[in-house]
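Visitor: Here TrEMBL flags 56-184 as domain 'TFIID subunit TAF5 NTD2'. TrEMBL lists 237-297 with the feature region 'Disordered'. The compositional bias 'Basic and acidic residues' annotation in TrEMBL covers 242-264. Per TrEMBL, compositional bias 'Polar residues' is recorded for 285-297. The repeat 'WD' annotation in TrEMBL covers 341-374, 411-445, 453-494, 495-536, 537-578, 579-620.
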Amino acid sequence: MDEEEIEKAVVAYLKKKGFKQTELAFQEEQQLNKNTNSRLDPDITKKILSFSEFETGPERYQEEYSKLRSWAYSSLDLYKHELLRVLYPVFIHCFMELVARGHIQEARAFFDSYREDHEMMHLRDLQKLEGVLSPSHLKEMEFAHSIRLSKVNIKMCQYSYDLLLQYLHKTESITMLGIINERINFQVSPGQPGSISDDAEVVTLVGSGPDASLLNQKEIHWGLLEDSLEERLEKTGGMVPDSEKFDGDPKEGEVDENKKKSVEGGKQGASLKKQKKDKVGVATGKSSRTEGSTVTTAPRVKSELALPAIPAEVEHSILEDLRNRVQLSNVALPSVSFYTFVNTHNGLNCASISHDGSLVAGGFSDSSLKVWDMAKLGQQTGPSFLQGETDSPSSEHVLGSSGGRRCYTLFQGHSGPVYSASFSPYGDFLLSSSSDSTIRLWSTRLNANLVCYKGHNYPVWDVQFSPVGHYFASCSHDRTARIWSMDRIQPLRIMAGHLSDVDCVQWHANCNYIATGSSDKTVRLWDVQSGDCVRIFIGHRSMILSLAMSPDGRYMASGDEDGTVMMWDLSSGRCITPLVGHSSCVWSLAFSGEGSLLASGSADCTVKLWDVTTSTKAPLKEENKPGINNRLRSLKTLPTKATPVYALRFSRRNLLFAAGAFSKGA
């Protein structure tokens with residue numbers, strides 16, 4: 001075979017790629033080699049020529065991917081599920097390579113031919129990539145751009161990895177080999193293949209940098225704060241159940257079991273709501289407080305933030321609530337009080353409930369924020385429900401067709417839709433965030449705006465007060481989360497690292513960490529003092545919409561757009577178990593006061609209660625075994641008639657509050 005042909009092929013390739021220095025070095029080497037009678041290995045010669053031939057041929061992508069797919073599906077069952085993991089990232093990058101080279105028609109044909117293979121697991125990704133129709137789209141579309149910049153992490157055993165390499169070399173699938181080398185980072189483990197049930201964790205397309213495993217080795221101090229109110233209460237006599245006091249409590253004993261709604265014509269549609277007294281103590285008084293209370297056994301840590309002082313009367317009130325807390329378990333479920341917004345005309349974006357359930361806030365698309373006082377609603381003679389429409393913006397009181405007065409306080413100041421609201425732990429302040437890129441602090445006592453915080457450059461999706469008040473965290477479309485204090489108009493810390501929108505934020509129980517959930521399908525844990533990312537949690541297959549921390553600070557729950565909830569161990573960074581049951585977005589999560597139950601609220605119009613204690617008490621020996629499946633047990637599903645669940649909150653006495661907007665089409 002003529003060596004000049006090979007030389008020309010290599011030089012042409014280097015010129016095409018713009019490797020000028022490499023081209024010069026190659027030519028110099030060729031000049032030196034002319035003085036010797038060295039000859040190239042025939043196999044290498046063949047590969048170089050074949051590589052130069054198909055460099056411009058789009059049909060090679062289709063041909064080689066088809067062969068790789070057939071080989072993977074015909075592999076031994078023991079290794080098949082690991083080998084099939086390679087197909088999706090190779091499919092995506094073949095498609096984008098064809099688009100980048102300008103072969104648009106071939107790219108569309110390739111995409112349409114094999115998309116059905118991946119729709120079950122990656123439907124949302126495929127729907128986004130359908131819009132890629134030209135090379136410029138690869139740069140302009142955030143999702144596609146982030147995929148091309150990052151490597152995919154894939155876990156597989158050593159034997160599966162060897163099988164794959166042998167196949168690629170034997171069949172001379174140089175196109176597939178190039179994509180796999182450039183785009184995939186294999187995490188090879190010795191021994192037998194992993195369990196097929198682990199597939200949620202082993203392939204992550206976006207957001208998994210090579211440093212994720214190193215980050216997750218950092219030490220996490222997940223305990224509770226020293227000298228917390230719970231610890232003080234234990235020292236002064238412990239939490240002794242007193243269910244009789246609970247029966248007589250007028251504020252927390254009311255439970256909205258069945259909301260019988262009748263919708264009348266026009267804007268003046270009315271809704272009737274029946275409330276019943278719930279004998280909370282009867283079911284819950286049987287279980288002891290020491291059993292199942294994970295908070296008492298949690299280690300104590302020092303706060304990295306200067307904590308605000310708690311007023312004496314507020315401290316007394318909180319201690320009284322903790323003293324009268326009902327102990328929940330898998331046999332003693334909470335009472336639920338559901339607040340339903342009606343006549344919102346799809347204008348309600350978010351809802352928030354104060355810690356004692358006495359105040360409910362709603363953020364609306366017309367840039368307004370409204371707060372209802374439940375005590376005032378209870379005093380009215382007319383039907384008691386939350387009115388969302390704004391017939392009279394200047395007045396706090398709006399009259400409906402039934403003549404019943406519906407009281408709310410109107411807060412105006414934002415210049416765009418309000419996306420999040422958060423009450424301070426004591427209910428005296430309220431935060432709101434908006435598409436106008438600002439966060440506003442309101443006083444619920446003065447009914448006035450106190451501060452407007454500016455720092456984010458794009459819409460602020462979520463804002464949350466810390467468990468001790470004073471500090472708060474926000475997250476935005478600008479891919480950052482920020483920590484603020486009420487007395488400063490500039491952020492104290494900026495957390496950057498997510499590859500897409502940061503959609504939700506949640507404080508750790510000891511205030512030393514915050515967690516953020518993103519559209520890049522990852523959750524990150526950040527150190528508040530340093531601003532560094534200390535954990536990356538990988539496993540979700542769609543954007544994360546909600547987060548919750550267990551009261552002892554050891555576990556975290558995250559909910560996504562597909563309806564999956566995942567429980568994570570903060571120490572190891574591992575997923576303990578996925579919670580499968582919701583059929584739509586999980587918008588809200590909340591742990592009970594002692595941490596034995598998890599409540600999840602979804603767009604599928606249900607609230608689900610999960611047994612946390614059973615799964616997290618798995619034996620330590622079994623914890624690290626591959627394939628062990630400790631799924632949380634679903635204790636109860638509480639359906640609403642047609643109300644997607646926007647917000648959940650366990651009160652300090654363990655009554656569960658929920659809120660949502662009645663939707664005719666739900």
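Cβ from N, Cα, C; glycine included.
Caution: TrEMBL annotation is automatic and unverified by curators.
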Visitor: Quick one: DSSP breakdown of the domain 'TFIID subunit TAF5 NTD2' (56-184) into helix, strand and coil?
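Guide: Going by DSSP assignments, the domain 'TFIID subunit TAF5 NTD2' (56-184) contains 99 helix, 7 strand, 23 coil.
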Visitor: Determine how many residues of the repeat 'WD' (495-536) DSSP places in helix, in strand and in coil.
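Guide: Reading the DSSP string over the repeat 'WD' (495-536) gives 0 helix, 24 strand, 18 coil.
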Visitor: DSSP on the repeat 'WD' (341-374): how many residues come out helix, how many strand, how many coil?
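Guide: Per DSSP, the residues of the repeat 'WD' (341-374) fall into 1 helix, 20 strand, 13 coil.
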Visitor: For the repeat 'WD' (579-620), give me same-chain residues lying six or more residues beyond its boundaries with a C-beta closer than 8 angstroms to one of its C-beta atoms, as numbers and ranges.
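Guide: Distant Cβ neighbours of the repeat 'WD' (579-620) are 289, 292-295, 322, 325, 327-330, 333-334, 336, 338, 545-552, 554-555, 557-567, 628, 630-650, 652-654, 656, 658, 660, 666.
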Visitor: For the repeat 'WD' (537-578), give the DSSP counts of helix residues, strand residues and coil residues.
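Guide: For that range the per-state counts are 0 helix, 24 strand, 18 coil.
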Visitor: If you average the pLDDT over the repeat 'WD' (411-445), what number do you get?
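Guide: So the average pLDDT across the repeat 'WD' (411-445) works out to 94.
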